[in-house]
Each structure stands twice: as C-alpha cells, then as structure tokens.
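Visitor: Okay, so Swiss-Prot annotates it like this:
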| type | residues | note |
| --- | --- | --- |
| BINDING | ARG41, GLY42, ASP92, ASP93, LEU94, VAL95, ASP96, THR97, GLY98, ASN99, THR100 | 5-phospho-alpha-D-ribose 1-diphosphate binding site |
| BINDING | ASP93 | Mg(2+) binding site |
| BINDING | ASP96, ILE139 | guanine binding site |
| BINDING | ASP96, ILE139 | xanthine binding site |
| BINDING | ASP96, THR97, GLY98, ASN99, THR100, TRP138, ILE139 | GMP binding site |
Amino acid sequence: MSIDRYHQQFTVSWDQLHRDVRALCHQLVERDFQGIVAITRGGLIPAALIARELNVRLVDTVCIKSYEHQDQGGLQVMKGIDHDGAGWLLVDDLVDTGNTARAVREMLPEAHFVTVYAKPEGRPLVDQYLTEVAQDCWIQFPWDMGVAYVEPLVDQVRSRDS
C-alpha cells in the first residue's frame, strides 16, 4: 500500500499520547495481567506507559515488520513468542488494515489485545482501543518526529510572493 491512500494526517504529541494511554488504562485497571507483550516497534512506548500505570513488571515483545515509512508491505516475523497469551495484555500503537493484528492474533490467540488508536478495517481484530481514526488518515507519532525551526508566516508569504 502506498502513501497515496492517505488523505488526512493526525499528529499525536507526547502529551496527547500520555493522556490517551492513561485513558485506555482506566478501562484496564480492574484486570490482572501476568505480563505485557508489546508489538515492536510501535507498541513499545505505549506498552511501557501501560506497564507503569498498571504496575506490570513483566514485559516481552513480538517483533513484526510491516511498514517501510508510509508503505505497508508484507509481514516479516523477526521474533515470535512461546505461549498462547493467556493472562497477557498485547499492546500496539494502532491497528490499521489488520495485517499485523491477524498475524499476532494467530501467535497469541488468548491475549487481551489493545491499541491506543484503531482504523475501521482493523478495529474488529482488537479487544479494546481508545480512539478511532479514519482509514485514510496517517498518524504521526511523536517518536517519528523531531523539532524543527519554522519560518514566521509573514516571511514565508513574502518569500513565496517575491
């Protein structure tokens, strides 16, 4: 899938991510999890934040590569896991088309699967999510961005007009 499928952009700041993860944790706080499995790389930071909020000390990873920048390609399992997920919380930043989610569900069919953000195509594959975003929306996560100087608007307009 190419960048052409994205017509909107949603930028998530660090503050927004913390608020969203904490809100998701409010839905999970009554449950008792043996551990957390983060889907790398996108699920690492949400999993760390969730582990802190739920006081879960055991965190593992399943490593699947599915994106090259904004192009979604075939799945490559780089590290699997040796249990069915019973009693475990499975965490990713988002579910998009569901390709990664399907593969991980096969590996960990008994895990409780949560994502912070969900798109319509992948939403049925997770047990819980916090925020739904449009299928054609590219989500910019804070770990993918840097701070850069932006020229004042008046200077941008003047340089464009000259």
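Cβ atoms are placed via backbone N, Cα and C, with glycine included.
Tell me what's around each of these sites.
Guide: The Cβ of THR100 (5-phospho-alpha-D-ribose 1-diphosphate binding site) has 25 neighbouring Cβ atoms from other residues within 10 Å, across all protein chains displayed. THR100 (5-phospho-alpha-D-ribose 1-diphosphate binding site) carries a helical DSSP state (H, G or I).
All protein chains shown were included, and the count of other CB atoms within 10 Å of the CB of ASP93 (Mg(2+) binding site) stands at 23.
Note on ILE139 (guanine binding site): other Cβ atoms within 10 Å of its Cβ, all shown chains, come to 20.
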Visitor: Return the count of C-beta atoms lying within 10 angstroms of the C-beta of GLY98 (5-phospho-alpha-D-ribose 1-diphosphate binding site), excluding that atom itself.
Guide: 18
Visitor: Between TRP138 (GMP binding site) and ASP92 (5-phospho-alpha-D-ribose 1-diphosphate binding site), find the distance joining the two CA atoms and give it rounded to the nearest Å.
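Guide: Given the Cα positions, TRP138 (GMP binding site) is 16 Å from ASP92 (5-phospho-alpha-D-ribose 1-diphosphate binding site).
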Visitor: I'm trying to understand the geometry here, so how far is the Cα atom of ARG41 (5-phospho-alpha-D-ribose 1-diphosphate binding site) from the Cα atom of ASP93 (Mg(2+) binding site), in Å to the nearest whole number?
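Guide: Between the alpha carbons of ARG41 (5-phospho-alpha-D-ribose 1-diphosphate binding site) and ASP93 (Mg(2+) binding site) there are 9 Å.
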Visitor: Using C-alpha positions only, work out which of the binding-site residues ASP92, ASP96, THR97, GLY98, ASN99 is nearest to ILE139 (guanine binding site).
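Guide: Minimum Cα distance from ILE139 (guanine binding site) across ASP92, ASP96, THR97, GLY98, ASN99 lands on ASP96.
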Visitor: Which one of these binding-site residues has the most other Cβ atoms within 10 Å of its own Cβ: ASP96, THR97, ASN99, TRP138?
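Guide: The most densely surrounded of these binding-site residues is ASP96.
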